[in-house]
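The following features are taken from Swiss-Prot:
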BINDING   19, 20, 21, 22, 23, 24, 25, 26, 27, 28, 29  ATP binding site
BINDING   207, 222, 225, 228  Zn(2+) binding site
């Protein structure tokens, strides 16, 4: 797959990246830094079982600032918002210690109802205050677990609702929407080369159960939860296409 090269001078808008510290959001952060004049990041502490991601994201930010001077010049403030109420309204395997399994509705019990809708609403409110009119998220409906709040139709509807509700234009960018996980690895490579790929492998965190003791070719994780399965399979497919 060919990925276009974005020239920063053509895009002077300011962006806020929903940045959890996982593979997808790290790739989206690189994409935004390659495209926009000023980029800030926001994460949410919602009582997630894998809250180690909140530490991982700081390591990713440190590496990006150290390895990519041009991006570091565009990378602004990082924000962390408290959203623990999500654990109260949506008791799931993402916020409590229980086995991960499929439900009768076809969704895994890691689905946190309304999570991305709340994330985007709060991000838009923060962006409004800080003049950041582009929201960038790693939502995808290609290689995904079926979460309805990751779908393109949901993002388009949310963009309209936020723009109307705030009385100003809000753009939601989802650069991974139509990419599978192999394409996501390839996009990271095209944006930041081996240095970015290794940052994602070593520093990002995707595993739902918070496992950092097992190191694989594709990074750290249990290797069995839905997030690890997708990340591992994507790495394998990408490695077959472009042997390292």
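Even glycines carry a Cβ here, placed using N, Cα and C.
Under the DSSP three-state reduction, residue 207 (Zn(2+) binding site) is assigned to coil, being neither helix nor strand. Sequence-ordered, the extra residues of this chain that approach the ATP site, with Cβ no more than 8 Å from the Cβ center of 19, 20, 21, 22, 23, 24, 25, 26, 27, 28, 29, are 17, 57, 60, 138, 204. Looking only at Cα atoms, residue 228 (Zn(2+) binding site) sits nearest to 23 among the binding-site residues 19, 21, 23, 25, 29. Other Cβ atoms within 10 Å of the Cβ of residue 25 (ATP binding site), summed over all protein chains shown, number 24. For residue 207 (Zn(2+) binding site), other Cβ atoms within 10 Å of its Cβ number 24. Annotation: 29 carries the greatest number of neighbouring Cβ atoms among the binding-site residues 29, 228 [cut-off 10 Å, Cβ to Cβ]. Within 8 A of the CB centroid of the Zn(2+) site residues 207, 222, 225, 228, the other residues of that chain are 206, 208, 209, 211, 221, 223, 224, 226, 227, 229. When the alpha carbons of residue 21 (ATP binding site) and residue 225 (Zn(2+) binding site) are compared, the span between them is 17 angstrom.
Using a 10 Å radius centred on the Cβ of residue 225 (Zn(2+) binding site) and all shown protein chains, the other Cβ atoms total 21.
Checked against residue 207 (Zn(2+) binding site) by C-alpha proximity, the binding-site residues 23, 25, 27, 29 yield 23 as the nearest. Rounded to the nearest whole angstrom, the C-alpha distance between residue 225 (Zn(2+) binding site) and residue 23 (ATP binding site) is 15. Spacing of residue 25 (ATP binding site) relative to residue 222 (Zn(2+) binding site) is 20 Å (Cα to Cα, whole number). On a Cα basis, residue 222 (Zn(2+) binding site) lies 21 Å away from residue 19 (ATP binding site).
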